[in-house]
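Engineer: Questions regarding the structure given below will be posed in turn.
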């Protein structure tokens, strides 16, 4: 079509249909569109150029900034001069093992050649020196304590077999050993109390293999998964604990669940009981079988009944039969969050690292402490100080439990005591998720059931964090549209973290140091639940025909407070009601609360089973030391994660092995013979435990002006629900307690921080005056981009 044939439009100040149309006032429709597109292209080019220039300008501006400074140093452990709490080095592990295996009287067989019925080393770790020796050294008037190791021997070659422990030293060149003796523990350690190790599991697995080979068709028809020739639909095993219903028994129920990511969330209704009490493995046997709610005395009894149609058969659950099962996995699905992938906020350290590390010694904003991570306990902190004054000699995780309920042998025997499962073992942490990008990571060595220690890469991290809430603040209004002042300070804290994975569950253990002298001890729960095909009396129906069985988590901590010395007292500051005559209006009564100090004089008086009708503070203090106002200087324990334990020791025998669960707080006189509230050997003999915590307070000793220990228990009940899939989330499952100064200082010690802000009105309505006490503002550096690396490997020392 010719342009002259196009419809024309005319612009005229006065419209006149008959007026002649000047050429310069007539523009065709297509010409107008062309002009618009032409100018739009020019505008787009200009905008694009400006954007690119802006991007280049930003890059150049970043290039012009220096990298963020490193800050305070991070120095590795000095293996030639280790700290008294530093865990054993690889060289020390080796020297201890070689020394012990060279002692003819011990008749130890090297790990590689040892069988179940031999004497062999099961574990090696640091033997922590006595407190008296440590304090003499730390406080400057004593020699450095001799460095020693604790060695566990499984003496299967003795008659009868026994578990032995030896203290070996001095390191790094051991020359002597002696049996570890503790009058407060059951001795000798029963053979049936030992932890199953890599010498015993193969013998058990052989029995499992023979049994499941015979049951292959039943498993395939009933569940769609098998243990043999399973291709992609495989079952794996897990043994329950404790090993029996009375002391001396060793009978393991073996549960089966689907292999693969989240497979533990599909536990089939089938289990085998292995009886393995005898020192002679040839006498071990499959003693019972559980299938679809029915018990059988042998594998053959199940097979015979199944084939005869006398057994109620199970059928595969449709939800668990897909080859690509997403429900219990971490594969992304559902509505995208956010709508377009984007990075979340991250931490930066514009002034560099504000904490210093020397081996296992950490310093931050007046705080200092040493830490270690053994195998059978959670994180242990020692010599915790604020501004040079010792607050606690020891602050350590003791044990953790998860006690399940149910109506099948899997849940009846799911009473987990995590020290048995290497509660101190922490696998590799992921930068940016488990710990911030700015964190400092530490490797650890763990040796149990191996020839040499396993190197746990990046198993512990430490980092500074803005907690996202003011530590303190106040806006002082003038009530006339303005203000008199504002004062505030962000809650910058130091966090020491490790995460322990006990098969299905993950426990996030944190020690958090606030600048006002408060220590926060926190644990968060995540990971998979263990469900079962059980009755709904014990939980809600979930994926693949299982329920989430109700269970209780408990965590015990040792808090050895030293408030201005080792001679301390413990009191409750009770909040009580009073009903008085109103002094202003004598004809009226007035009801209010007041405080009442209550000194506890013996251990039984200081055993706390919390009563919500009697609120109180728990205060540890020095009778001799007072602050400027005449109050006893002290620290109080604040419990923010407690739950009523319905399973009482006097009612149910297994609770004797975890007697600390009866209490939220117990205060005892500190003793070297009571170093821990639990033991790895308690798991398999809860009925006559190696460590009976109740005995710590049954002697009811004096606790006035003594070296005191607080045993703190955190606890929560868990009724699993559909949102616990794929895993339980830490939001809402965190428990904590606090150690808070209570008249210890004359004022909040954080007033010395230069990170505080004071704002006051300006002159004559001018801008407000902002006092930052010398702290610089604004972006000043480019943070270093830490490369993402994760191997997940942990076997072997290299």
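A Cβ is built for glycine as well, from the same backbone N, Cα and C atoms used for every other residue.
Note that the structure is a prediction, hence the values are computed from the model and not measured.
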Engineer: May I ask you to indicate which of 4-28, 29-53 is given in TrEMBL as transmembrane segment?
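Structural biologist: Spelled out, TrEMBL records transmembrane segment over residues 29-53, not the other listed ranges.
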Engineer: If you look at how TrEMBL annotates this chain, which of 287-308, 309-330, 331-352 comes out as region 'Disordered'?
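Structural biologist: Feature region 'Disordered' in TrEMBL: residues 331-352.
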Engineer: Give the mean pLDDT for the domain 'Copper amine oxidase N3-terminal' (194-293) on the 0 to 100 scale.
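Structural biologist: For the domain 'Copper amine oxidase N3-terminal' (194-293), the model's average pLDDT rounds to 96.
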Engineer: Roughly how many angstrom lie between the C-alpha atoms of residue 418 (active site, proton acceptor) and residue 505 (active site, schiff-base intermediate with substrate)?
Structural biologist: 11
Engineer: Within 10 Å of each Cβ, count the other Cβ atoms, then let me know which of the active-site residues 418, 505 comes out lowest.
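Structural biologist: If we count Cβ atoms within 10 Å for the active-site residues 418, 505, the smallest count is at 505.
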